[in-house]
């Protein structure tokens, strides 16, 4: 508790307030404000039966219990506000998480800078053969360079047209429409901890698109500083855990007993079987 402000503060977060954490080639994320800490979570959980502050070890055990049993309300007592600069196509994925408050830079009122995202060669990949919305293996260096050069040339070309439209007096709300999705935008994004952790579980996953995953990874480091007990529980029970179906559990029990189990007799789909075998470090 800070005596001057009469509110709980987290020194590790105060130390990085407004500090830009660089992401991608022109992007960043920074903490603008926050409310609450690990203590706010346990305080909310204990209010129903009037218990006061406990020892750290007891707080940690309670937070693990809440996370393990999906008691979400106490985690909603903490909130954090970010200022994010990111490519428009990343922002469109990001904004699908509708449980936050957001206000975005408006190209109706302001002129966008000539800043666009250019992928690194290793990120210029072919369409995945088994994932309709994901990337597969990278192109050869020559093809990657050709694609990147085209992206850069196209981006510069449309921006030159955008500038010409503005000079001609075209309304900004129309002039912006020819800009590509790799141009950068900015927004303020405020969210409670429960919904933030859900966002991070999806976007920090190895299957998430690289360009949004790198933002999520920076946010994970920030969460670790802000609410370390909740962060550890999240990693333990959500981020690095596995969801296994009833049938999957039956298969595991049989394997523990030394029984031979096949996918066909288990009545389980190929994809789920492969995921289960991957979890168990067994060949499918």
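Residue 1 is the first one shown; counting continues down the chain.
Using the three backbone atoms N, Cα and C, a Cβ is placed for every residue, glycine included.
As annotated in Swiss-Prot, motif 'ThyX motif' covers the listed stretch 96-106 rather than the other ranges in 85-95, 96-106, 107-117. Record check: Swiss-Prot places 93, 94, 95, 96, 104, 105, 106, 107, 108, 203 at the dUMP site, and the matching candidate among 68, 176 is 176. The FAD site recorded in Swiss-Prot includes 96, 97, 98, 104, 192, 193, 194, 198, and the single candidate from 73, 143, 177 that the record places there is 73. Checking Swiss-Prot for region 'Disordered' across the ranges 38-58, 122-142, 206-226 points to 122-142. Helix, strand and coil content of the motif 'ThyX motif' (96-106), in residues and according to DSSP, is 0 helix, 4 strand, 7 coil. Sorting the binding-site residues 95, 193 by the number of other Cβ atoms within 10 Å puts 193 first.
Note on the recorded positions 108, 203: the fewest other CB atoms within 10 A surround the CB of 108.
Annotation for residue 198 (FAD binding site): spatial neighbours 97, 99, criterion Cβ-Cβ under 8 Å with sequence separation of six or more.
The CA atom of residue 203 (active site, involved in ionization of N3 of dUMP, leading to its activation) is located 22 Å away from the CA atom of residue 73 (FAD binding site).
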